[in-house]
């Protein structure tokens with residue numbers, strides 16, 4: 001999809017509404033440093049942030065540095081992360097991630113997309129979350145919510161996350177990419193659901209090209225809207 005001035009104008013109008021609706025945004029994973037964030041994002045695959053946040057306090061207390069993950073027996077890591085699902089694969093990722101950080105990055109989480117995606121269990125989505133929230137380096141995080149909303153807003157027609165990332169990046173200023181990502185994810189989780197979006201309670205409805213695909217009755221739509229307490 002070619003980004004022209006009209007497309008940019010429409011996209012930025014929607015983004016202004018999202019900014020007004022969600023003025024204070026944050027990563028919904030709990031973390032205190034880049035290592036904790038990258039571990040939490042790896043664990044969040046096929047799992048809710050709320051669930052991840054219940055197990056990371058004990059995990060982060062046990063494993064404070066990359067070398068701790070590198071040295072830990074897989075079975076021990078699995079015990080801590082069991083409830084996040086796919087724990088065998090995730091444990092291998094965390095141990096491998098720790099090992100690579102120690103061997104190639106002096107135990108520190110790298111600050112470039114190119115380096116981050118060389119780490120076990122880390123793709124572009126995870127890398128952009130880490131860049132944006134740990135290092136304040138703008139990045140677009142294309143998860144299932146971001147992709148769905150981008151297509152509903154007609155910012156892209158692609159199902160390819162990389163193409164979505166690049167096409168949306170042409171519409172919104174780079175400095176806003178991280179905040180855009182978080183607001184899109186929040187809106188997707190709370191209002192613009194996959195199966196039954198709450199169109200009648202959506203602040204974007206007046207200018208959304210896909211309005212009407214979900215519940216239009218205002219009262220019924222309000223019942224579909226989720227709040228912060230559903231994710232904390």
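Every residue gets a Cβ built from N, Cα and C, even glycine.
What TrEMBL says about a protein is an automatic prediction, not a curated fact.
Taken straight from TrEMBL:
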| type | residues | note |
| --- | --- | --- |
| DOMAIN | 43-190 | domain 'HhH-GPD' |
| BINDING | 192, 199, 202, 208 | [4Fe-4S] cluster binding site |
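Feature map: TrEMBL annotations on the structure.
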{"residue": "192", "record": "[4Fe-4S] cluster binding site", "CB count, 10 Å": "23"}
{"residue": "199", "record": "[4Fe-4S] cluster binding site", "CB count, 10 Å": "22"}
{"residue": "202", "record": "[4Fe-4S] cluster binding site", "CB count, 10 Å": "24"}
{"residue": "208", "record": "[4Fe-4S] cluster binding site", "CB count, 10 Å": "20"}
